[in-house]
């Protein structure tokens with residue numbers, strides 16, 4: 001997808017944070033047969049005399065969310081067991097829109113992975129349309145986990161609802177990534193961002209026994225020395 005260069009350059013140095021999360025409302029797409037998102041005021045100010053109190057219902061894998069290993073492994077860690085430090089720090093956004101079917105090690109051949117920070121965000125060819133669940137997505141080849149682990153990557157985010165094919169039951173990419181210590185963020189909105197280094201945050205909620213969590217993901221572009229030093233962040 002073509003970047004709006006004028007919009008991008010208006011950001012300038014020292015810009016504020018950019019929200020890259022999918023807004024949660026009744027229009028947001030969900031996995032087939034999954035719990036639709038809903039919000040309602042369970043108590044109104046008129047009724048209580050003081051406050052409005054809302055309640056939500058949703059799948060933990062709706063919108064921008066983090067997967068825990070327990071999502072696909074009954075013996076895997078839940079959200080509360082994951083290291084929060086992984087979800088905050090420097091990230092590299094990579095354009096892989098040329099990978100129409102799958103994304104494997106070849107997508108990184110022209111990149112200097114030695115300079116990468118421990119987090120990678122992949123902008124794919126998938127339109128970032130939160131109201132429509134895609135029929136097909138570019139998925140990650142499991143052997144990408146080996147390469148990323150060797151280069152110190154501990155976190156990967158993608159603008160798709162899964163890192164595996166939508167009809168996959170075995171979920172090989174999910175398993176391979178976590179076996180190599182790489183955490184997974186899905187459904188992040190990257191179509192307005194240019195490739196480069198960013199400050200990044202996407203904290204999961206402290207949900208006990210949970211297999212995933214919605215997040216509020218945001219980035220801030222890095223410039224000059226900050227950008228140059230992005231790959232020096234300690235793990």
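Including glycine, each Cβ sits where the backbone N, Cα and C put it.
Among the candidates 179, 186, the residue that TrEMBL annotates alongside 61, 65, 67 as binding Zn(2+) 1 is 186. Together with 67, 186, TrEMBL lists one candidate of 98, 174, 175 for binding Zn(2+) 2, that being 174. Proximity of residue 31 (substrate binding site) to non-local residues of its own chain (separation of 6 or more, Cβ distance below 8 Å) is seen for 59, 61, 62, 133, 161, given in sequence order. Look at the Cβ of each of the recorded positions 65, 71 and count the other Cβ atoms within 10 Å; the largest number goes with 65. Here the C-alpha separation of residue 71 (active site, proton donor/acceptor) and residue 174 (Zn(2+) 2 binding site) works out to 9 Å. Within 10 Å of residue 174 (Zn(2+) 2 binding site), judged by CA to CA distance, lie the following binding-site residues from the set 65, 67, 186: 67. In sequence order, 61, 174, 183, 184, 185, 186, 211, 212 are the residues of the chain that are 6 or more apart from residue 67 (Zn(2+) 1 binding site) and have a CB within less than 8 Å of its CB.
For residue 186 (Zn(2+) 1 binding site), other Cβ atoms within 10 Å of its Cβ number 20.
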